Structure formats: C-alpha cells, structure tokens
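Asker: Okay, here's the structure, questions in a sec.
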Amino acid sequence: MRNRRKAVSLLTGLLVTAQLFPTAALAADSSESALNKAPGYQDFPAYYSDSAHADDQVTHPDVVVLEEPWNGYRYWAVYTPNVMRISIYENPSIVASSDGVHWVEPEGLSNPIEPQPPSTRYHNCDADMVYNAEYDAMMAYWNWADDQGGGVGAEVRLRISYDGVHWGVPVTYDEMTRVWSKPTSDAERQVADGEDDFITAIASPDRYDMLSPTIVYDDFRDVFILWANNTGDVGYQNGQANFVEMRYSDDGITWGEPVRVNGFLGLDENGQQLAPWHQDVQYVPDLKEFVCISQCFAGRNPDGSVLHLTTSKDGVNWEQVGTKPLLSPGPDGSWDDFQIYRSSFYYEPGSSAGDGTMRVWYSALQKDTNNKMVADSSGNLTIQAKSEDDRIWRIGYAENSFVEMMRVLLDDPGYTTPALVSGNSLMLSAETTSLPTGDVMKLETSFAPVDTSDQVVKYTSSDPDVATVDEFGTITGVSVGSARIMAETREGLSDDLEIAVVENPYTLIPQSNMTATATSVYGGTTEGPASNVLDGNVRTIWHTNYAPKDELPQSITVSFDQPYTVGRFVYTPRQNGTNGIISEYELYAIHQDGSKDLVASGSDWALDAKDKTVSFAPVEAVGLELKAIAGAGGFGTAAELNVYAYGPIEPAPVYVPVDDRDASLVFTGAWNSDSNGSFYEGTARYTNEIGASVEFTFVGTAIRWYGQNDVNFGAAEVYVDGVLAGEVNVYGPAAAQQLLFEADGLAYGKHTIRIVCVSPVVDFDYFSYVGE
C-alpha cells in the first residue's frame, strides 16, 4: 500500500488565528448576503500585453492552502488570465502568498506555465491544483480544447512541480506505462518543463465535456477524485443540458470512466432549474461532507451567473443548500457587477465542528467597460479600459462564518450546525449474490440511522482475480470462483457480502452482425440515423424526427444476420442531456416468419445516461424491436443497442458459391446460356425441356439453389440424396438471384442435389453450399 498523503487540496487543516480581512473591511451585511465581500479585488498578475485590452485581467482561481509552507509559501494559486473576444491568453499561471491577500510570482517562475496555443483554434481554461504530499509536489490541471468542430476534442492536461517554479513532466514519469515513480533523490526531483512537457490525463472527442475539472485527494480511500461539467460538444450555449460527472484515479494521472452525479443543483429563488458551469469541490472533515461552490445559472447560458452551495455525503448524491445564492453580482459600476465566475474556497475549522469560516476567492466580470475608466484594486478609477474590453475580468475575496452563511442560505436566523450523527451499522446488499463472468452489478449501501454523517465508503475485494469492486461499489465478475466484497467507513462501520462468480450464459452478438431501422428518424448525421445505435460510439445517437415532430410511440429495430436464441438486451441512452431518453418501453422478439412477441416491458427507466439492461426468457429470433412508449420531451433516442445470445454463438455458416459454368456441375438435357448483369457472375442457364436436370455433389451440411423468377416460368422438383425434397414453383414477377430452394441441417458428409424441370421454363444461376 502506498504511503498516505496529508491533506491536499481539501484545504481543511489550516489553523488561522485571525481573519484575512478585518470585519469592518468586508462590504456586505450578512443578513442580506451569505458572504461578505472585500471592497476591492485582489492583484493577480497577467503575463500578456495587448493594446486592445487592459492589463492584468484574470479568472479561474483555484487556491491550495497548506498546514506548513511549501517552498516558502502556505498559499498557492493556479488561475488563467483572460480577456474578452479572444481566448489565447487563457493559459494556466501560478502565484503564491504568505497571507492569501498579497500574491507574488515565486522567484525564477515564468508565467504562464503552459504556453499560448499556436492559433486561436485552440484554447486553455479552467485550472485546478492539488498538493501531493506523498511526492511533495503540486499537480496543476487545466482544460484544453480544440474549438474547431470535428477537430480532436478536449483534454484535461497536467503539469507537476517540486519547487513551484519549474512545471512539467517529472523525470521519473514513464510515458509508455503512464507510471510516475516516487523520486528518491534530489536528482530525481526534477521536471522537463519545455513547451510540450505536459501529461494528458483524460482525452475526449467532444470539445466541452470536461469543463472546470476540480480535483481532491481522499486519504481514507487513497484515491484522487475529479468532478467536471459535461456540456457535450456545445459549450456555453448548452444551457440546461449541462451535468456534472465524477471519476476516480489511483495516481491523479490515469482516470476511470465518468459517472453522472445525482441532484447536483436544484431550483433558484424563482423556481427555475439551475445548471452548472464551473465548480470547486472539497471534502470538509469538520462536516463529514463534500462541499461545492458551483457557478451556475438559470436559462440558456451562464450570463449573469451566481454561486450556489451544494453538499454531498459521498460525492455522488448531492443536495443544494436552499434556493438563495451564495454570492451574486455586485451593484452596477462595481468590479463584479455582471457575473460571478469560477471560484475557489476553503473551510477554516473553528473551535467546534461546524463553527468554522468559509473563505472564497471568486472571479467575476464588470460589464460595459469599453474605453472607460475602471477601478484598481483599491477602488480608485485609475485604469483605462481598452477598445475590446466589453467586460473586465478580476479575482476578489469574500468570507463569512459558516453558521451565518447557512442562516442566510436557509433563511433561518436561528440556524445552528447540526451535531454529527454517528452510525450504528452499514449494510451491503445486491440484487443477486451470483454474478456471471464479465457482468457488472452495483452494490446497494445503506446506513442506520439513515442520516449517519460519515458515508464515504471504501470497497475492497478479497480476491480481485475473481471479482473486482470499484470506488462506486460496482462489482465486475472476472473468473469463476468466490470473493468477499467488503465495505468500511472512516469511523469503523463495516459489512461484507459473498459473491459467487459463475460462467456467463450470455454472449454478446457483434454489432457488425446486425442492422438497424426505425419508424422515425431525424435527418442529421451524429443525431438521427438508426445506424448510430450500432456504431460503437455513445456520442452519436438515433433520434426520432423533431422537424416536424413524430409523436410516440415509435420503434427502432435491430435485425440479425441469422437466427439467435437471445435473452438480454441493453439500451444505452444518450450521454449528453436527457431529451428523448426512453422511460417507458416495450421489447418485441421478431421471428423468421415475420411475427413478433412481447418479451419485456416497463415504465421505470430513469432519465439518466446509465445503461438499461433487460433480461427475458430465451427466445429464438431474427431481430428485436424496441418501442418507445414514452420519452423525455416526447421523443425517442438511443446511443447504442446491444443484444446478447443465450449460450455460445455458433459462427454464421460460410456458403461457397458454385456458378453455372463450374465444371463440377452435371447438366442433362437441353440447357441454354444467358448473360445479364443481374445474374451471379453475369451468366445463368435455363431449360424448356421437361426432364432436363442439373446435378451437384458436395461435402457439407447445407445447400441453396439460386435462379430467376418470371411470369413465363414453371416448376421443378428438387431431390437431395435421391429423395424428393420439394417442388419449387418459379412462376412470379421477374427477379434475378432469388433463393429458390434451401436444405440445411444435413449430416456432415457427401450429398447430391438434383433439380429436374417438370414445367418449363426453369432457370439455374448458381448453387451455394456449406462445406467443412
């Protein structure tokens, strides 16, 4: 087990004996505002020089506060300069402070730590930082995006520093294995800090689905946790479709798949739903909760956004605190009068649990500033805004006691911090204790009493070679055997569950063995076609038509390349937004004769991005039809559809064609040659003679005869191994390469097929047989 790290960017171990600002200097009355603002902004330097923009405009602060100074300073901040109209200056920069008020660039540091992108097509933004105590290093993250649609998407990037001056890739980092080995000497406490010396922690094909990453380290579970705002490939105008996801990592470099969190934000004072834009999350041991300040908004974009407070006992399930904002824009003419932006905080413990102080560094914008005189950090109008300064970006400070803050947010003058609730028991349960190999199952974890304060759970497996369990409590069956899944909390509650891993009776049918059709489609490419559900890409979707709108119910059908005995169906909803996620459904098995039977139905699918798995009694089918009875917004969508056969999949038989010109064919009687591009290999034969025949001997298990139908044609008898197997009527509308006869399921061995004309005309194009 690795050494445990001390408090990193949880920012909860700080012991401060005096406020950073005297109470008289803080501008707001706590009876009206949850936080008291300092009268001016703080001076954060910006590296750029631009004749169209005022100097030192900055945003996206993230502040790390340590118990003891690190390389001379207890306060370290990562942030980005920013100006209106262009994003090329929005590159992560570093400052440090001894008091959280006066910020300096450490001697020898050259900002920004990440160079300006080569063109306006790309931009950096949304910085965050965490202290790694085990390695005694700072880890600075930021978001990078290719703003060109159809480009390479986005990345969460990382630079690391041992001294706060040189930021880059540690010399002990192996790029091939993505392993950062712990340095054991001063010579190893070095980084390569060139222009391209960064680590890509996460990459995505979408441009804006990992905005404002905020990272903490959990010393109890020995994991890093990242939350980010998913706005898909849209960004600023994605509106209420935004949502927050979280991931885990053992080392802060390689991250797991994201899981969407629940209830991150609620309603504002006007009853409108809030959507996230930027966030800062920390775990506060004093409260035994994850706490987040979220820059959020009601409406279509973040203009005029505010801060709200939201909390969680486990990091997954959240609850907004009241409906009042934590921080709002100031009065007209103030430096923060337009919009509160990405902000950072720490909770300073008080003399007792819940009696601490909330300290917030917040970025904000001042509006309508073009060519006007604007205030400096002391409040004096000494700065000339420039021609493209539609708004000015600054970073300021606000604070309040935690209790007073909560009294305002909850509109409860008598609020006191509730006492922490000790748990009596932790209980694990699962829908079954028998898990097939390759399958996953989510544990249910409950507490008594239900309001137990400490609900951060560490899961472990007694035998990861049999079954693994991740930080979300999701078990994966690895191999046949038995494993005990254990759960525990910081305060010592625990439980375990024995899981038997058995052979998996289901086999995934490859999507390449299926085709998809739908009763309604929108005419887009990444949003619309039924084929999108079989492309292996959850970011492309089938969508019912909405221009004009086709009312539900509507269906999407997957057809198989051969009959399968199927017993499981998986519906993967769209991953960005909820519009069209199916909530009520019917599932039909389609048989070879075209009939269909209902095999499953339901009306309780959640409007989230999680897979919906349906198991049903095994049935032989040539396809499955998913009928959307109800869906969000009255539409139907699907990102992916997958079907599982019950039992092993027999490979599709391989048919070998035998053309009419093949020397192994034996023709008797009069046969005429015919040429046409619609025939197999361009040729066929036909006979007008009753009794004329064609014969073929093969070794295999199945045989097919292909030829023409025509309104002037008659009939033939087909013999297999000398026994009449059927009479075939070839009369019908003219059509080439028609399957006229099929015999399958033959015992493997030598067989002979013979076609005899009994009523002219009879056509022969080719045989096709299954050999070895």
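Glycine residues also receive a Cβ, built from the backbone N, Cα and C atoms like all the rest.
What you see is a predicted model, and the numbers here were worked out from it, not measured in a lab.
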Asker: For the substrate site that Swiss-Prot lists with HIS123, TYR236, give the additional residue from the candidates SER87, SER161, SER181, SER185.
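Answerer: Within the candidate list, Swiss-Prot flags SER87.
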Asker: List, in sequence order, the residues of the same chain other than SER87, HIS123, TYR236 whose Cβ lies within 8 Å of the centroid of the Cβ atoms of the recorded substrate site.
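Answerer: Checked against the 8 Å cutoff, the neighbours are GLU90, CYS125, ALA145, ASP147, GLY235.
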Asker: Between all pairs in SER87, HIS123, TYR236 (listed as substrate binders), what's the biggest Cα distance, rounded to the nearest Å?
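Answerer: Between the most distant Cα atoms of the substrate site, 14 Å.
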Asker: Inside 10 Å of the Cβ of ASP126 (divalent metal cation binding site), count up the other Cβ atoms and send me the figure.
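Answerer: There are 27 of them.
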Asker: Mean pLDDT over the domain 'F5/8 type C' (494-605): what is the value?
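Answerer: Its mean pLDDT is 94.
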Asker: Counting other Cβ atoms within 10 Å, pick out the least crowded of the binding-site residues HIS123, HIS278.
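Answerer: Counting other Cβ atoms within 10 Å of each of the binding-site residues HIS123, HIS278 gives the minimum at HIS123.
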Asker: My understanding is the cutoff is Cβ-Cβ under 8 Å with a sequence separation of 6 or more in the same chain; which residues meet that for SER87 (substrate binding site)?
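Answerer: Listed in sequence order, they are THR120, HIS123, CYS125, ASP147.
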